[in-house]
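Down below is the structure, laid out as structure tokens.
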Amino acid sequence: MCCWPLLLLWGLLPGTAAGGSGRTYPHRTLLDSEGKYWLGWSQRGSQIAFRLQVRTAGYVGFGFSPTGAMASADIVVGGVAHGRPYLQDYFTNANRELKKDAQQDYHLEYAMENSTHTIIEFTRELHTCDINDKSITDSTVRVIWAYHHEDAGEAGPKYHDSNRGTKSLRLLNPEKTSVLSTALPYFDLVNQDVPIPNKDTTYWCQMFKIPVFQEKHHVIKVEPVIQRGHESLVHHILLYQCSNNFNDSVLESGHECYHPNMPDAFLTCETVIFAWAIGGEGFSYPPHVGLSLGTPLDPHYVLLEVHYDNPTYEEGLIDNSGLRLFYTMDIRKYDAGVIEAGLWVSLFHTIPPGMPEFQSEGHCTLECLEEALEAEKPSGIHVFAVLLHAHLAGRGIRLRHFRKGKEMKLLAYDDDFDFNFQEFQYLKEEQTILPGDNLITECRYNTKDRAEMTWGGLSTRSEMCLSYLLYYPRINLTRCASIPDIMEQLQFIGVKEIYRPVTTWPFIIKSPKQYKNLSFMDAMNKFKWTKKEGLSFNKLVLSLPVNVRCSKTDNAEWSIQGMTALPPDIERPYKAEPLVCGTSSSSSLHRDFSINLLVCLLLLSCTLSTKSL
């Protein structure tokens, strides 16, 4: 008669398989290519909850890794064995050895198993302050996953063989609350049978005509249309507004971008109106903002620029990828704009070889923002999303914001940047940019495995340092960037004089003797770079005057364009709030202890009752 209370209490213990947790998971993604491993997640204050649904009757593994490999990873393993759920917190050391974590920070909420699938739901704190756990921030996380047909035993989980993988995600991207109709009209801007050359990098440009609208419409969602099997080939897509002074003859055929023989019409396409990069999904504008079409100020012709990345020089590739734009006649309050901020893509952007860390900065200067905003919108513009962009050497990007010498909260950041995963970050709160503010796109690179200089450029082996700001209301400012002074960079390696007038590119060194008649690129590569020299060079570059780029639509420029400016004096750097360690571990232990104590008391009560009979 005393056994039934124990069974009831067992159903109350954490990890019971009695039923679902009742939680909702607004974010969901497939981790494998066969539809076997689904991940759902949801942030709740200082905690994050996960739901794993996997086609297996054995254990399920999940975790976070600094590189996507098993070394130095934060791992949790769970399942249902003999009708009883389990969940264990593990970690791996630098040698990929799996060890049980002394501080168990993952807490089982629900587990279920049937003949084909296992479902596990669990929570953890964003910041556990356990050295073996990965803190979860707004940055990219490299999720690792695995499963096995057998459950984990007392000795730990068996090796998962090929049932494993990795995927980069941003777990704390704010939820998109607006629900869009599935019947929205759309049009496609998609390349037709583009032959991809057998070289590592190709930029392909094709002009399109926007459908003719008799009245104003708003684009409210943009999705990538990537040809199946080309997910790693198509690295990023930019959509530019072109001059409206054309006829349809410009639509006849595409051409390789930035090529001497490309059509002159392409040169009028300077205003970025949308950007997508590898790993990103569709983008929905906020409920009060849309991309305007149908008015005289809106694009009639656009240029689709697709960056193809073919590092294996594969031959015979034909691509049909592009963008799909969903639109509505239900006009929203504001028109969206895009500002490209950061380092102007140029050979003057230099990164020495062999550097475990090197920092570059691109300045959207107060002079440019002062002139453009005072003329267009003195009350300021409101940023609601940011795309951070770099290439293979990129390790971290931050978009910093300054006002009158004071550093504001970061507009956007990704301290674990992944070249293969770049998407717009929705800001948790819209941020206002005022006349006279400064923006700095700060990029961190690693060139330890490179023997020669890395230059700013279009190739994925070259580098970029850019931020694309989505904002409203739209103003006539499309690019706010900078170029560092090259002569002072060359003086660092001992260059004294170049041949003038400059008639070749890259230009040629005249003196000293060791660099005579070398291009400035060859001279920089000839210099004997050490880590110490690289650090000194980095300090110099960050202090150099910059050439201002401040562009309007239709290749027009603000008057500040081409002038020289100094990096801002930062009187009051931003102090981020310290991370607060979660308490779920202690509260869970207290809860478990209380329930176990109650179980013991009931057992004792049953025993005494039996003896008294």
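Cβ atoms are placed via backbone N, Cα and C, with glycine included.
DSSP classifies Tyr203 (active site) as strand under the three-state reduction. Sequence-distant contacts of Tyr203 (active site), defined by Cβ-Cβ distance under 8 angstroms and a gap of at least six in the same chain, are Glu256, Cys257, Tyr258, Glu305, Val306, His307, Tyr308, Leu458. The active site annotation in Swiss-Prot covers Tyr203 (among others).
Per Swiss-Prot, the feature active site maps to His389 (among others); the stated evidence is sequence analysis. Listed in sequence order, His236, Ala275, Ala277, Gly342, Ile397, Gln422, Met464, Cys465, Leu466, Ser467, Tyr468 are the same-chain residues at least 6 apart in sequence whose CB falls under 8 Å from the CB of His389 (active site).
Listed in sequence order, Ala277, Ile278, His307, Tyr308, Asp309, Thr460 are the same-chain residues at least 6 apart in sequence whose CB falls under 8 Å from the CB of His235 (Cu cation A binding site). According to DSSP, His235 (Cu cation A binding site) is assigned to a strand segment. Annotation source Swiss-Prot lists Cu cation A binding site at His235, His236, His307.
Over all protein chains present, the Cβ of Cys257 (disulfide bond) has 19 other Cβ atoms lying within 10 Å. In the three-state DSSP scheme, Cys257 (disulfide bond) falls into the coil class. What Swiss-Prot lists as disulfide bond is Cys205-Cys257 (among others).
Sequence annotations record features per position, and here Swiss-Prot assigns disulfide bond to Cys242-Cys269 (among others) based on similarity to another entry. Long-range neighbours of Cys242 (disulfide bond) (same chain, six or more residues apart, CB within less than 8 Å of its CB): Met207, Ala265, Phe266, Thr268, Cys269, Pro299, Tyr301, Val302, Leu303.
Using a 10 Å Cβ-Cβ cutoff, Cys364 (disulfide bond) registers 29 neighbours. Look at Swiss-Prot and you will find Cys364-Cys480 (among others) tagged as disulfide bond.
According to Swiss-Prot, the feature disulfide bond maps to Cys368-Cys550 (among others), an assignment based on similarity to another entry. When secondary structure is read from DSSP and collapsed to three states, Cys368 (disulfide bond) falls in the helix class. For Cys368 (disulfide bond), the count of additional Cβ atoms within 10 Å of its Cβ stands at 29 [all protein chains shown].
Around the Cβ of Cys465 (disulfide bond), 28 further Cβ atoms fall within 10 Å across all displayed protein chains. What Swiss-Prot lists as disulfide bond is Cys443-Cys465 (among others).
Within the same chain, no residue at least 6 positions away in sequence has its Cβ under 8 Å from that of Asn114 (N-linked glycosylation site). According to Swiss-Prot, the feature N-linked glycosylation site maps to Asn114 (among others), an assignment based on sequence analysis.
What Swiss-Prot records for Asn247 (among others) is N-linked glycosylation site. Asn247 (N-linked glycosylation site) falls outside any helix or strand according to DSSP and counts as coil.
Counting only same-chain residues six or more apart in sequence, the Cβ atoms lying under 8 angstroms from the Cβ of Asn476 (N-linked glycosylation site) belong to Ala372, Glu376, Lys552, Thr553, Ala556. Residues or ranges marked as N-linked glycosylation site by Swiss-Prot: Asn476 (among others).
Around Asn517 (N-linked glycosylation site), the C-beta neighbours below 8 angstroms that are at least 6 residues distant in the chain are Ile508, Ile509. The annotation N-linked glycosylation site is assigned in Swiss-Prot to Asn517 (among others) on the grounds of sequence analysis.
Swiss-Prot lists 1-19 with the feature signal peptide, giving sequence analysis as the kind of evidence.
Cys480 (disulfide bond) sits 5 Å from Cys550 (disulfide bond), taking the C-alpha atoms as the reference points.
Neighbours of the Cu cation A site: apart from His235, His236, His307, residues of the same chain with C-beta atoms within 8 angstroms of the site's C-beta centroid are Val234, Ile237, Ala277, Ile278, Val306, Tyr308, Asp309, Thr460. Using a 10 Å Cβ-Cβ cutoff, Asn247 (N-linked glycosylation site) registers 8 neighbours. In this structure, the C-alpha atom of Cys205 (disulfide bond) lies 27 angstrom from that of Cys443 (disulfide bond). Candidate disulfide-bonded residues: Cys269, Cys443, Cys480. Fewest other C-beta atoms within 10 angstroms, Cys269. Cys368 (disulfide bond) sits 21 Å from Cys443 (disulfide bond), taking the CA atoms of both as reference points.
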